[in-house]
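Structure first, commentary second.
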Amino acid sequence: MTQSVDTLVILGASGDLTSRLLLPAIGQLLTDQPKRTFTLIGSSSDDLDDDAWRKIVATSFSTVDAKGPTVDKLLKETRYVKADATSADDLKGLLGDAKGVPALYFALPPAVAAKACEALGTFDLPEGLTLALEKPFGTDRESAIRLNATLAKLVPEDQIHRVDHFLGRSSVFNILGVRFANSILEPLWDGLHIERVDVIYDETLALEGRARYYDGAGALMDMIQSHLLQVMAVLAMEPPSTLGEADLRDAKEIVLRATRVWGDDPVTASRRARYAAGEIDGKKLPAYADEKGVDPSRETETLAEVTLQIDTWRWKGVPFTLRSGKALGGRRREMVITFTPAEHIPTGLKGTMEPAKLRLLFAPDSMSLEININGSDDPFELERASLTADFGPGALLAYGEVLEGILDGDPSLSVRADTAVECWRIVEPVLTAWREGRVPLEEYPAGSEGPKDWKQLG
Ligand SMILES: NC(=O)C1=CN([C@@H]2O[C@H](COP(=O)(O)OP(=O)(O)OC[C@H]3O[C@@H](n4cnc5c(N)ncnc54)[C@H](OP(=O)(O)O)[C@@H]3O)[C@@H](O)[C@H]2O)C=CC1
Ligand SMILES: O=C1O[C@H](COP(=O)(O)O)[C@@H](O)[C@H](O)[C@H]1O
């Protein structure tokens with residue numbers, strides 16, 4: 001731990017991200033690493049006072065059983081400042097108030113965060129200021145380029161953290177261990193031995209009152225353009241020499257630069273759908289279009305699927321399909337690597353001929369390698385067996401890993417400027433085809449597996 005930040009200012013302190021994910025991660029980090037000391041300031045446009053804010057912090061901390069003198073000290077000293085994040089005067093006041101080296105965490109809707117960055121360019125910023133921006137970074141490729149240019153005028157690139165909390169998930173660290181700490185998988189990790197790769201993140205959660213943000217984003221921008229492309233990059237990248245910031249981020253960037261929509265045809269390579277009324281776990285859910293704050297004419301998708309190709313020797317001909325959706329009947333969150341079928345099964349063996357599959361599951365993290373083995377009764381009758389292993393949950397929550405990087409000035413887990421633009425470049429043809437109505441918006445009942453005729457992945 002070489003902490004470089006003295007005061008963490010969260011803009012958007014009254015929002016969902018702050019209370020549900022950031023504050024619990026801070027509580028856990030301080031419980032796990034009690035030598036850390038920093039001041040926390042919460043800020044948003046809401047009329048809160050210090051006591052109300054402390055209550056929010058304490059409630060979030062209690063969800064992770066945060067305790068110890070460092071936690072108590074932070075709780076006692078944390079303050080709330082009402083501010084408009086897009087006002088230069090308010091931001092100047094906030095930063096002027098911060099002790100030592102500050103970090104600004106933009107837990108704000110993306111358009112508001114972009115305006116806040118422009119406002120920061122109108123006055124002198126404190127030495128060492130760190131900026132942490134949430135995904136989605138910008139709202140399209142052009143705006144991401146503009147936002148990068150604005151940020152580059154404010155602070156050096158290594159003080160900019162474009163947060164993608166999936167990069168802090170133990171599931172992503174597990175890919176690195178399984179792939180690069182064994183000599184049995186990496187030689188098979190290419191188009192000669194792998195038929196397809198699917199990354200699936202189906203949630204049972206629905207809109208959860210987030211229309212203000214989600215209705216302008218949808219499943220493609222919310223999950224695929226950011227998180228799932230990052231996961232795919234780690235699955236597909238060349239083995240890096242180290243896990244240092246430059247090696248890791250270069251390796252991801254190279255693979256993303258080679259990625260494009262399968263066959264350059266977004267119409268056949270993508271699908272979108274929106275949930276209709278239904279039921280999940282005995283709870284009735286209204287149609288997405290009827291949720292509070294949703295404008296149905298925007299045709300925002302709540303389930304998206306895109307197939308990509310990676311133009312490298314290693315991945316020629318291998319489809320990578322990324323899928324994510326809300327209000328689905330079951331939580332299915334996994335990366336599935338389907339190997340090519342055996343070249344020749346000796347005549348005399350019968351039964352299942354399915355290719356081997358490696359499944360890496362997100363939280364709780366586990367893996368299973370599904371293979372064909374001889375049957376227990378008849379040795380000539382093949383059966384399916386699964387070799388499984390559980391991974392530990394990791395010492396820190398994903399946001400704890402991310403915050404640790406921010407507080408210690410290590411950008412390894414953050415998305416680099418060029419990569420943020422690349423991710424928009426990859427999905428842009430799909431966004432355009434959808435906007436032009438060239439891919440129909442289908443429907444699925446909440447609580448189902450998605451539209452009936454969609455092929456099962458993995
Ligand atoms: N929620 C989640 O699960 C996740 C969210 N994210 C990202 O985090 C970001 C925030 O999302 P989320 O917390 O869900 O959104 P919310 O709408 O719940 O919260 C947004 C926050 O921003 C504040 N805000 C909006 N405009 C201003 C302004 N001009 N000045 C000051 N404060 C302002 C709001 O305050 P007020 O209510 O007073 O307007 C509120 O505190 C998004 O980019 C999202 O993609 C990323 C991962 C997960
Ligand atoms: O960034 C987001 O991620 C969550 C899913 O991540 P999890 O770690 O909470 O499972 C998703 O629900 C949300 O819509 C999205 O903004």
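From the backbone N, Cα and C atoms, a Cβ is placed for every residue, glycine too.
Please treat TrEMBL annotations as automatic predictions, because they have not gone through curation.
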TrEMBL substrate site partner of HIS165, GLU203, LYS326, selected from ASP140, ASP222, ASP295: ASP222
Cα-Cα distance linking SER45 (NADP(+) binding site) and ASP222 (substrate binding site), given in Å to the nearest integer: 24
Candidates SER45, LYS135, HIS227 (recorded positions) with Cα within 10 Å of LYS326 (substrate binding site): none
Candidate with sparsest Cβ neighbourhood (10 Å radius) among HIS227, LYS326, the listed recorded positions: HIS227
Of SER45, LYS135, HIS165, GLU203, i.e. the binding-site residues, those within 10 Å of HIS227 (active site, proton acceptor) when Cα atoms are compared: LYS135, HIS165
Those binding-site residues in SER45, ASP222, LYS326 whose CB falls under 6 A of ligand 2, listed in sequence order: ASP222
GLU203 (substrate binding site) and SER45 (NADP(+) binding site), distance between Cα atoms, whole Å: 30
Among HIS165, GLU203, ASP222, LYS326, the record's substrate binders - longest CA distance, Å: 18
